[in-house]
Amino acid sequence: MRKIAPALVWPALFALAALGGAAFCDQILPQMNALFRMGMAIGSKMGGSFGTDLLVALFIFGKNLSVAVLCTAAGRPTRGAVPAVVCVANGVALGVLAGLLKQDIGLPYWRFALMLTPHGVIELPAIFWACTAGMGSVDLKTRIVNGLRAPAALLAAAAVVETWVSPVVGRMVVG
């Protein structure tokens, strides 16, 4: 039997969790209401002035970078539990949101995915990269310094795209 590439574990966990979140959104949603309210409050700020948008981009970058640092620092000591929880939690959250939008406004899953594509194709690989780097056998400082160079740059780009491009695409997709 062939060994699964470790780097594929994280996207697989994320994808399975997203499918589960979409399938069971009614059961999961009550547990996530506070998180969604916070996300909607942040989302309502998008599309404002440049200064506000810049703060949103910096917030998004900081949040995503902190997740990447957590996965890189805690991956090996927790035997992959922290990166796994991060991938599953984010997958479930996106799946629940997709399921909710499907139920409430009839938004097909493919359109939801299209709304996330501009920044998602940059952000998700960066997070998965950080998860993989966190499983390295080198010391913590080396894991963080070497394992976060590329993900940090990708996350900065993803934050810019998520702030200024994804909302435009989202408005076009939803109509």
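Count begins at 1; order follows the chain as displayed.
Glycine residues also receive a Cβ, built from the backbone N, Cα and C atoms like all the rest.
Source: prediction; values computed, not measured.
According to TrEMBL, the feature transmembrane segment maps to residues 121-140, out of the candidate ranges 1-20, 121-140. Under 8 Å from some Cβ of the transmembrane segment (121-140) lie the Cβ atoms of residues 6-7, 10-11, 14, 64, 67-69, 71-76, 80, 82-83, 86-87, 90, 146-148, 150-152, 154-155, 157-158, 161-162, all in the same chain and six or more residues away from its ends. Residues 46-47, 53-54, 56-58, 60-61, 64-65, 68, 105, 107, 111, 114-120, 122-123, 125-127, 129 of the same chain, all 6+ positions outside the transmembrane segment (152-174), place their C-beta atoms under 8 angstroms from a C-beta of that stretch.
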